[in-house]
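**Q** Here you go, one structure.
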Amino acid sequence: MPNRTVFFVSDGTGITAETFGNSILAQFSAKPRHVRRPFIDTPDKAYQVVREINDTAGREGKRPIVFITLIDTEVRGIIRSAHCLVLDMLGTFVEPLEAEFGIKSNHRVGRFDDISKSQEYTDRIEAINFSLAHDDGQSSKNLDIADVILVGVSRSGKTPTSLYLAMQHGIKAANYPLIPEDFDRGALPSALVPHKKKCFGLTIAPERLREIRHERRPNSKYASLENCRLEVSAAESMMGREGIAWLSSTHKSIEEIATTILRDIRPDRLIY
């Protein structure tokens, strides 16, 4: 898909269109150029986007791919007139559901107007604040209210997973590094012992860990393959002895890791 452009056109922020589009584009190995065009909510704005799409088609010699989330039928029709392949999330999914349910959808742009008043929003903000305060073992206070405590060697994916769980699912996720001193003692950090049942481990292939650490501290003992192998082996042995469930982050996305953790610790969050 070289020299190909993908547009994400929305009458809101464009986040839904982009998320929808990227989930489909992820099935293909090529990486096209991305263009987001949010707040396209009038015919004049739509015609401007059409000109941009047509100019792109002429320049590249291939029609662009256009993902749209547009409520207004006139605006949708204008975008559809462009020289492009239109993939319409609302037309593809919402309209068939209207027919199936026998009711019209609300057709409200984005539906974010009252999100700040919702309990879900409040829970997510609290979870984000908790995860930031308990990142990388910064604090051992209030671990009793954590939903999960991620443990593992440094750079195994604990921080991004913690923040994803907080932002997407309202999970209070702390994370705590397992370091050489812990391996020398052969025991979990003392702060984690009372909360062992809340711990979930992340491990990683030593070769991949070396690559990540080398970017941070090149040519150091910390990043050496031998040290990475020793730390990973010691961490996995410790988690096994302590009965802590764990998974490898080597070939998994943050979304896959988070979903696996949710399935194990909070399956209720998969139903809402």
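A Cβ is built for glycine as well, from the same backbone N, Cα and C atoms used for every other residue.
Take a look at what Swiss-Prot says about it:
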BINDING   GLY152, VAL153, SER154, ARG155, SER156, GLY157, LYS158, THR159  ADP binding site
**Q** Which one of these binding-site residues, SER154, SER156, has the sparsest Cβ neighbourhood, judged by other Cβ atoms within 10 angstroms?
**A** SER154
**Q** Three states by DSSP: which one describes THR159 (ADP binding site)?
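**A** The residue in question, THR159 (ADP binding site), is helix (DSSP, three-state).
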**Q** Give the helix, strand or coil assignment DSSP yields for VAL153 (ADP binding site).
**A** coil
**Q** Near the ADP site, what residues other than GLY152, VAL153, SER154, ARG155, SER156, GLY157, LYS158, THR159 in the same chain have a C-beta no further than 8 Å from the centroid of the listed C-beta atoms?
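**A** For the ADP site, the extra neighbours are ASN175, PRO177, LEU202, ILE204, SER249.
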**Q** Which chain-mates of LYS158 (ADP binding site) that are at least 6 residues away have a CB under 8 A from its CB, listed by sequence?
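**A** The list for LYS158 (ADP binding site) reads ASP136, LEU150, VAL151, GLY152, ASN175, TYR176, PRO177, LEU202, given in order along the sequence.
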**Q** Around the Cβ of THR159 (ADP binding site), how many other Cβ atoms lie within 10 Å? Please give the count over every shown protein chain.
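**A** By my count, 17.
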